[in-house]
Each structure stands twice: as C-alpha cells, then as structure tokens.
Amino acid sequence: MQTHNFLCIISVILGCSAQFYVIDDRIGLGREFDGIGGLSGGGATSRLLVNYEEPYRSQILDYLFKPNFGASLHILKVEIGGDAQTTDGTEPSHMHSKDEGNFFRGYEWWLMKEAKKRNPNIKLIGLPWAFPGWVGYGTQWPYFFPNVTANYVITWVMGAKQHHNLDIDYIGIWNEKAFDPTYIKVLRDALDRAGFTNIGIIAADGDWSIASAMLDDPYLNDAVEVIGVHYPGTNTVKEALLTERKLWSSEDYSTYNDDIGAGCWARILNQNYVNGKMTSTISWNVIASYYENLSFGRDGLMTAEEPWSGHYIVESPIWMTAHTTQFTQPGWFYLQTVGKLNHGGSYVALTDRKGNLTIIIETMTHEHSQCIRPPLPHFDVSPQIATFELKGSFAHLADLQVWYSKLDFKSGNGTLFKQLRPIRAHNGLLSLKLDVDEVFTITTVTTAQRGFYPEPPKSCPFPKNYTDDFTIDNPPFSEAPYFADQTGVFEYFRNTTDNSSHAFTLRQVVTERPVAWAKDADQTISIIGDYSWSDVNVSCDVFIETPKTGGVFLAARVDQGGESVRQAKGVFYWIYANGTYRVTNDIGGKRVLAEGLSGTKAGVWYTLTLSVKGYFATGSLNGFPLWKNAAVLEPKSGWAALGTLSFEYAQFDNFNVIAG
C-alpha cells in the first residue's frame, strides 16, 4: 500500500495550523451503538432479487450482509406483508384470512434467513405497512380490536420461529401512520404472554410525536423500547431525549444511489448521532430490486433490477456503509467526544470498551450530500487539517488502520473504501489533511476487507419474447418470476379441479380490500416486462371465478404502478362474467375505447390476445377477433399486465408477451 498524499502525521513540535479534537473516555461514554441497517419492503423493494440465478444472487447477498466484505449490515428490517400496495408493490400477508396461515409466502422469510446465514448476529425487525382486510373488520383502521391486531402480528413472529428458526428482535406498530397507545400496550402484553419478552417494540416509525405521549403515560413509556423516527434530518427533539429511550432513525436515506446519494448516506450516518443522538440508522431501501420506473427507482444501497440478465451494480453507498459497519458492532458505545469539524463535516468515535477504538470522519459538502428529504439547510465545508488527541484509555495507541473514500465530482474518478498505510500517533496526536467529500475511518480494527467478485453479466433489457405457463410442482417462492403485484396478490396455484391443461395456474387471492397504506387501485394488477415497450402482443388464458359480477383483464403500455397505480393508463382489455367486454385507456375504466358482447361467463377458460401497434389496438377471444383498431393516443409505452375487476379470485395461465 502506498502512503496517501492527504495523510499528514505530526508531532507536538510541528506547529501545524490544525484544529484539535479530543478523543477521550475518561469523562464517560455516550449512548450504546445499536447498528446500521437496511429495509426490505415498504414495499416489494426486493421483488426481483429472488429471481436472480446463482452465483449472482449469492454475490449480491454477500455485498449486503457478509461481515467484513461489503455493507456488512448489522440490522435487517422487513415488511410484515399486508396484501396491499406499500410503495413499489404489494407484499403478501401470512394470513389472507383469519382462518388460515401460510409462512412461506413472499420472500422476506427467505431474505432474513440469507442474512442470518451470513451474519448470525444480525438483528431482525418486522413492521406492518398494511393489514389484510379482516384485521380491520371492513374498516381502514387496525386499532378497533387491538387484541386481534396484536395476535395477527404475534402469529407472524411465531411463524418466523417455528417455520424458519428466526428470532425476531424488534416489532413495529404501523408504518408512518397514526399510533394508538392502547394497541401498543396490548401488543407489549401479548408479546410477554406469548413468551417474547425479549422482543422490543419500536414506535412509531413516523415523526417524534409519540415522545410526548410517552412522557404523559408511564405505561406507554415502559412498553416502548425504541423511539423510531423517519427522515429526521439528523435532528431530535427535547421530548424524545427526556424519555431516556433509545432513539433511532428507523427509516432514512431513500435517495438515488449515485455519488450524491452516497454523500447523503455518509453524512447522516455520522450526524444522526452527532446532532440527534440516534444510535441506529436504517436505509430505505436495502437494495433497489424492483422495476426502475416504479416509485423511487434506484433508492437503495445497491441496484439489482435485472434478474433476467444477472446484471447488478455495487453502488457507492455500499462502501459508505462499510466505513462504519466493518469497524463497529452493536453493543459498542459512542464516546461523548463526538462533534462537528470547525470547517465543516463531522466525526464520531466508538469503542467496544475492550481497548478498540474507531473514529469515522466525513466532510460531505452541501451540494453533494442532499438526501431526498427533508430539505437540507445550507452549510459550508472547506479543506482543513484536523488533529485528534487521544486521551484516557486510548492515549497509548500508536499505529491505527486507515480506510479512505473520496467522492470526486470533478473528475468522476473517486476512491471507494481504500485501505491506506497505518497512521502513527505521536504523543497521542494524529492529524489528517481533509479535503471536501471525503470519509476516513481511523481504527484499531484489523479485519476489514473490500470484498470483490468478478464483474456480473452486462446489462440487457427484459426479453422481448417471454412465456410462463406457471407449471411448477414445488415453487421456491409464491410469486411467478418477474411479475410485480401492484394491487392484490398473485400466487402460484395448484388447480385440483383441472388436472389437464390448467392444473398449474397463477391466481389472484385477495378477496377484500386491505387496511391500506397507499392508495391501492380498486382493481388488482400485476405488471411485468419493460417500461419502454410500445408495440406489443400479449396473450393469456384467463378464468373468472366470480359469477355475474366478476371480470379479468390483460393490458399493455401500463404507465403507472406503485403509489400511483390508481392513475395507471394503458390499453386494458376486459372480459366480464356477464357476457360483455370493454377496452379502456385506464385501469379505472373511465375512458372507454371499445365495448360490446363477448359471451363470456365465470367458470370457463378463455384465451385473450391483445395486440397494440402504433396508435391502434386489436383484441381477440379464443383466437377469433372480438374488436379491432381501437385508437390509442397515449401512453406511448409501458409494462404488460394482468388483473381482475375487483378483489376477487381469478386464474391466469399460459402467459406470453412479444414486444416489437
């Protein structure tokens, strides 16, 4: 290793015009460090990850969770699926109805196991964004019957243990929605009675308002172990400090994962503690593994959105994470001697109380560290020399390891997580020449590594000719590859009433509106393919299960999903159980392009074919033209999709799409 030309080692007699910062444990320690984490869900943000083939899927997981390799995350937080749209898709509930339970739906169980496989000490958190409709008894409020909601959540905790041998460490309340003190206390009591006294409650995963309620209600204060706030801008409030509870930024970042996103992440990882005394920061999301044209595309620590090609990108936020995670562990303590640098930037120091010391320094500039929210007040950062004086139990330290990153916005040739030559402290003093947009880790820890795998396959678009007949005996996941549910839940289904051509199908299984988090559509929909597709031929066998009122659709050029799914436009070809069809320009059916009689009914398989080319669309039923040349002025492109008229059972088979 070469000596970095920005490293400056001085002694007392050198007389540099440096600013001095004391690192000392004699005045006592600060708060206990709880770890850095990532969030899968809220929603469906890891949807495409599961469909990667090996070895690429395992490589991605190593970059996220393997200790001393990449991000080396200490915490994994997952959505407790609630059958509803929760940002980039729906995640299935373990209980679609109160009378059933299935602990193998979705992929969060799998992801938690993969994280634990790599790091047995990783902390696990579950948080609901939405709830199946039965929990709300037909309302949009999950707190009317707090015992029902608490038991629903505890069933998920028990399923994690009994079916996957996963011990959940923390449970949340209702993401970014109103909290209910009665429910929180009922949940605490129910957890204790079920034997989960070790599981802590995080509340309320929104703003700081719960802190005042906790000060007014000692029983609520006792029930909550962690105050979790979202996007705090690195600041806390007096009431939260007065509770004497752990303070976490339990969802943060949510920023496009280029170098500015890396600057945002590096800054808040330090300053959430320096300014706000928050001892954990969790990134939404852990990995951008969903169609990029959905909400908040690429707002993850790394990107894996092409399972069909195997391509993924280890983005710079991974290495900003490593500057903290590879040199600390939950259970370490911040020192009281942390703070801001005189010419901009910040530093934190942590110890394991066994002689190890880690100092993390960041000098991110305002323009190069803006997160998606909240707005960032102006501040200045300039080059500087910072001298750290090691005192107390650290005074004897001589050689310390140095890891360095530089986000170079001028040349574009930055440095990410590079190990430099050790720095030697002289008489307890060590100095660094700091430029802007840099991160240094100075540490006694010697186990860090910059993990590396060979380049993954090159990026390529979704296949232009794609077919799925959904025939699989023991599917590893409940969803078919690449389909991304945006309202409702579409699962592999073994059709015991048809052992011939439709024995294996894809079935929509949510039959009542969930207690929603976002504005789900009134129709169910699952998208697939390439957002740039314009001229498309889509076909699928469909089976309406609801007599008289049921209906299904096949669609092309679908231009919206996520939280905007209600506004989705495209070409939607519907058939109904009442013997009619419609072609609409939107999912809500407000703009009708064609309509008429189809002779369709429930309980019969039909083959729908939708062809869209240029400004015209044509549809057939069982191979015979049903309508043609419907004028389509917009949208110009979008995904293919399938779905149902309402929250109802329906089946799909032999899906095929050919893009021009």
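All residue numbers here begin at 1 and follow the chain in the order shown.
Using the three backbone atoms N, Cα and C, a Cβ is placed for every residue, glycine included.
Under the heading signal peptide, Swiss-Prot lists 1-18, citing sequence analysis as support.
A helical conformation is recorded for Asn147 (N-linked glycosylation site) in the three-state DSSP classification. Taking the Cβ of Asn147 (N-linked glycosylation site) as centre and 10 Å as the limit, one finds 12 other Cβ atoms among all the protein chains shown. Residues or ranges marked as N-linked glycosylation site by Swiss-Prot on the basis of sequence analysis: Asn147 (among others).
Taking a C-beta cut-off of under 8 Å and a sequence gap of six or more, Glu176 (active site, proton donor/acceptor) has these contacts in its own chain: Asp205, Gly206, His230, Trp517. Annotation source Swiss-Prot lists active site, proton donor/acceptor at Glu176.
Less than 8 angstroms from the CB of Glu251 (active site, nucleophile) sit Leu39, Gly42, Asn175, Asp205, Gly228, His230, Tyr231, Ile282, Trp284, each of them six or more residues away in the same chain. The active site, nucleophile feature in Swiss-Prot is assigned to Glu251; the stated evidence is similarity to another entry.
Counting every protein chain shown, 22 other Cβ atoms lie within 10 Å of the Cβ of Cys371 (disulfide bond). Annotation source Swiss-Prot lists disulfide bond at Cys264-Cys371.
Other Cβ atoms within 10 Å of the Cβ of Asn293 (N-linked glycosylation site), summed over all protein chains shown, number 17. Asn293 (N-linked glycosylation site) falls outside any helix or strand according to DSSP and counts as coil. Residues annotated as N-linked glycosylation site in Swiss-Prot, with sequence analysis given as evidence: Asn293 (among others).
There are 18 other Cβ atoms within 10 Å of the Cβ belonging to Asn356 (N-linked glycosylation site). The N-linked glycosylation site annotation in Swiss-Prot covers Asn356 (among others).
Here Swiss-Prot flags Asn413 (among others) as N-linked glycosylation site, drawing on sequence analysis. Non-local neighbourhood of Asn413 (N-linked glycosylation site): empty, since no residue in the same chain at least six residues away has a C-beta under 8 Å from its C-beta. For the recorded site, Asn413 (N-linked glycosylation site), the DSSP three-state label reads coil.
The N-linked glycosylation site annotation in Swiss-Prot covers Asn465 (among others). On its own chain, Asn465 (N-linked glycosylation site) has Asn656, Val657, Ile658, Ala659 as residues at least 6 apart in sequence with a Cβ closer than 8 Å to its own Cβ.
Feature annotation from Swiss-Prot assigns N-linked glycosylation site to Asn495 (among others); the stated evidence is sequence analysis. Asn495 (N-linked glycosylation site) falls within neither a helix nor a strand when secondary structure is assigned with DSSP, and so counts as coil. Of all the Cβ atoms in the protein chains shown, 17 others lie within 10 Å of the Cβ of Asn495 (N-linked glycosylation site).
Among the features that Swiss-Prot reports, N-linked glycosylation site is placed at Asn499 (among others), with the record citing sequence analysis. Sequence-distant contacts (6 or more apart, same chain, Cβ under 8 Å) of Asn499 (N-linked glycosylation site) do not exist in this structure.
For Asn537 (among others), the entry in Swiss-Prot reads N-linked glycosylation site. Secondary structure at Asn537 (N-linked glycosylation site), as computed by DSSP, is strand. Other C-beta atoms found within 10 angstroms of the C-beta of Asn537 (N-linked glycosylation site) number 18, with every protein chain shown included.
The N-linked glycosylation site annotation in Swiss-Prot covers Asn578 (among others) and rests on sequence analysis. In the three-state DSSP assignment, the secondary structure recorded for Asn578 (N-linked glycosylation site) is coil.
Reduced to three states, the DSSP call for Cys264 (disulfide bond) is helix.
The DSSP secondary structure for Asn465 (N-linked glycosylation site) is strand.
Counting in whole angstrom, Asn495 (N-linked glycosylation site) lies 60 from Asn356 (N-linked glycosylation site) by their C-alpha atoms. Listed in sequence order, Lys548, Thr549, Lys601 are the same-chain residues six or more apart from Asn578 (N-linked glycosylation site) with CB atoms under 8 A from its CB. Ranked by Cα separation from Asn356 (N-linked glycosylation site), the recorded positions Asn147, Cys264, Asn293, Cys371, Asn537 are led by Cys264. Within the set of recorded positions Asn147, Cys264, Asn293, Cys371, the entry lying nearest in space to Asn537 (N-linked glycosylation site) is Asn293 (CA atoms). For the pair Cys371 (disulfide bond) and Asn293 (N-linked glycosylation site), the Cα-Cα distance reads 20 Å.
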